[in-house]
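A.B. asks: Sharing a structure below in structure tokens format, with a few things to ask.
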Amino acid sequence: MRPAFAVGLVFAGCCSNVIFLELLARKHPGCGNIVTFAQFLFIAVEGFLFEADLGRKRPAIPIRYSIFKYTSIALVSVGIFICTFMSAKQVTSQSSSSENDGFQAFLRWLLGIGALTFALLMSARMGIFQETLYKQFGKHSKEALFYNHALPLPGFIFLASDIYDHAVLFNKSELYQVPFIGVTVPIMWFYLLMNVITQYVCIRGVFILTTECASLTVTLVVTLRKFVSLIFSILYFQNPFTLWHWLGTLFVFVGTLMYTEVWNNLGTTKSQLQKEDKKN
């Protein structure tokens, strides 16, 4: 029952989340940083209040590394960030005339694909790591949810300027009266609030799944969620649905059926029914 409830949270939360994300992105395509920051901040504050008990509750899963090692890793990360950022600024200033060059655009596209692939692999590895921790220390999905969103918060300081700029733009959006409450707020802030709430519902379901299912099952559910969100977005906003979309849909459903071994289950059910008929 608990895994089914978690899957319901994932699909309900994320499919509704994609609506508000697209409404935000259509008005301000570069608002990804403020959306992500708001999601992390909301989940971290909620966890700090109700899970960490204002910092008074000790984590059930202990932090195994010393402050010295955390500091060293932070320094290395900051150093790499500074070098990369400054190198990018130099390349941009030196070759601004070739920004629209097709080959460089293709390289940036490959870089983006590589980053997404790396993130997918790391996400799968984190799922295996979480599975190992839960076996050793017990199931603590809310604690994992809190620390996964609270610890990265300092990293948003590097994006503070962009977040502030989009907050100003959100303040300038048209006013909207919130249903049932009657409060009037800028509509972009309302979209952001709804995006944050639905994202919380979705990610809460994902972390419940990590305590109830194998990491491969969680990865499949999350991947299916992304696919369903994509299809839902295409249908809701009436974007073109081509033959390639149908082909991708077919692959997804066939792969899901293969993973769940539905044919074997059907065969087992059929044989059980035959046995029962013979008994009767």
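From the backbone N, Cα and C atoms, a Cβ is placed for every residue, glycine too.
Where the annotation comes from TrEMBL, it is an automatic prediction and has not been curated.
Model, not experiment: these values are computed from the prediction.
Pasting the feature list from TrEMBL:
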type     : residues : note
TRANSMEM : 36-55    : transmembrane segment
TRANSMEM : 67-87    : transmembrane segment
TRANSMEM : 107-124  : transmembrane segment
TRANSMEM : 145-164  : transmembrane segment
TRANSMEM : 176-194  : transmembrane segment
TRANSMEM : 206-237  : transmembrane segment
TRANSMEM : 243-262  : transmembrane segment
A.B. asks: Please report, as numbers and ranges, the same-chain residues at least 6 past the borders of the transmembrane segment (36-55) whose CB is under 8 Å from any CB of it.
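C.D. replies: Distant Cβ neighbours of the transmembrane segment (36-55) are 142-143, 145-147, 149-150, 152-153, 156, 159, 163, 192, 195-197, 199-200, 203.
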A.B. asks: State the residues, same chain only, that lie 6 or more residues beyond the ends of the transmembrane segment (176-194) and have a CB under 8 A from a CB inside it; answer 'none' if no residue qualifies.
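C.D. replies: Apart from its flanks, the transmembrane segment (176-194) reaches 16, 20, 23-24, 27-28, 34-35, 38, 169-170.
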